[in-house]
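S.K.: Pasting in a structure now, in structure tokens, and then I'll have a few things to ask.
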Amino acid sequence: MLTLLQGVHQGNGFQDIPKKCQKAREHFGTVRTQMESLKTKFPADQYYRFHEHWRFVLQRLVFLAAFVVYLETETLVTREAAAEILGIEADRERGFHLDIEDYLSGVLTLASELARLAVNSVTAGDYSRPLRISTFINELDSGFRLLNLKNDSLRKRYDGLKYDVKKIEEVVYDLSIRGLNKEATGGAGFPTQHAYSWIFFPSLSPDLTGKS
Amino acid sequence: MSGKEGSGGFRKRKHDNFPHGQRREEKENVNPSSPLMTSFKSFQLELDTRHDKYERLVKLSRDITIESKRTIFLLHRYISAPNGEEVLNESEIKLDAVRRKIKQVAQELIGEDMYQFHRAISPGLQEYIEAVSFQYFIKTRSLISVEEINKQLIFTAEDREETTNVTSSSQDKQPHTWSLKVTPVDYLLGVADLTGELMRLCISSVGNGDIDTPFELSQFLRQIYDGFTFIGNTGPYEVSKKLYTLKQSLAKVENACYTLKVRGSEIPKHMLADVFSTKTELIDQEEGLS
């Protein structure tokens, strides 16, 4: 399934994104049947006893679901929708469910993937996508900044998010500096006539992250 | 202006008109009422409640650990002295206090999956098991069972003053009873810790000139050790770690018995001692084989 979706990184992969998503969704059917059989393997109230066994695969699946949904609609998959795609429950009361931390981990993986996608879409000549990705990731970053994370694996992965944000901003910056973004102030936020001043004064190179 | 000045030196001033702050604002103008942000606000709430609960449980677990340790120290003072009964009663009172704490844990876990917060409470439970089984051993010279422990951890709301306004669906089914089930792994680890305490008890009893206890203890420990070797490496990783310590404890106790036997004692206990010495030799031979 991941291999299938990796096709969007190919230069010519952008034309048939809907088709790839369709195929991926068919694969999720297999996932659902396997989830059903997993549910019968242990008592329903002991989910967390064996949580470690499927944590990682679940995070990976959430990422894939989120990726598909993003490619289709350019929005973030909700927790309920992600659970539904995997054929499991959204909250604990109803049996095998999607833990919130696993969901968030999957979403963080999506951010790294989109950072890659931004780079590759420029290579493929799609100059508008990075701007949309940038807006999306910035919103995601703000969302995560609302959370008070503990010092656990989720926090470590969240710490990686700022690099993805930075990466995408660099892409956007590169586009705007070359006047390749048609919407002059689309996501970069500074007018292009000033952009060239950096070339003459490299010491003033912008702090791209917007953070100190 | 944004706060990112001072790096550009004087040239900064030439380009004062550069909209530095604009990027900042750009980042901050994420619409706070967008669906993504609202969903993340609810995530914030959910994660915070979960972490708070976890921290409360950790705190309870620490209290349980401390109290149980104190109980164990108290029980170490029990040396078939005239005040033996007193010590036992006192330990019972202490353990009751610990159980009240465990009751709070059980209340925290109403309607929750115990294993989700297992890591928070596990150390406390193990320490409690250690204390309870130690007391039980002193009383009965045998090993407490998991069922026995769990039986003591069924709480009813006999104290009316704490009106429980916790309304959850699970309470409607079984009004005012909470129980906490000790997991087999916790039990095993607790028992493994118990052996360390028994070793100390053995050494101190030798110091007190009590020469029955060491032999009893060595027999008891050997049984436990055999039990653990029976589980061997099929059990969880932590159990195999404890096995090593257990073996050391056993060796110490056996050595103490050996010394007693060799030096002989004022009171002839030949019969008992003989049984032990032959046993020890047998074990040694087995050790040599494995």
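Cβ atoms are placed via backbone N, Cα and C, with glycine included.
From TrEMBL, here are the annotated features:
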REGION    B:1-36  region 'Disordered'
COMPBIAS  B:16-29  compositional bias 'Basic and acidic residues'
BINDING   B:GLU130, B:GLU197  Mg(2+) binding site
CROSSLNK  B:LYS279  SUMO2 cross-link
S.K.: Fewest neighbouring Cβ atoms within 10 Å: which of the binding-site residues B:GLU130, B:GLU197?
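M.R.: Result for the binding-site residues B:GLU130, B:GLU197: minimum number of other Cβ atoms within 10 Å at B:GLU197.
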S.K.: Helix, strand or coil at B:GLU130 (Mg(2+) binding site), per DSSP?
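M.R.: B:GLU130 (Mg(2+) binding site) sits in a helix per DSSP.
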S.K.: Three states by DSSP: which one describes B:GLU197 (Mg(2+) binding site)?
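M.R.: DSSP call for B:GLU197 (Mg(2+) binding site): helix.
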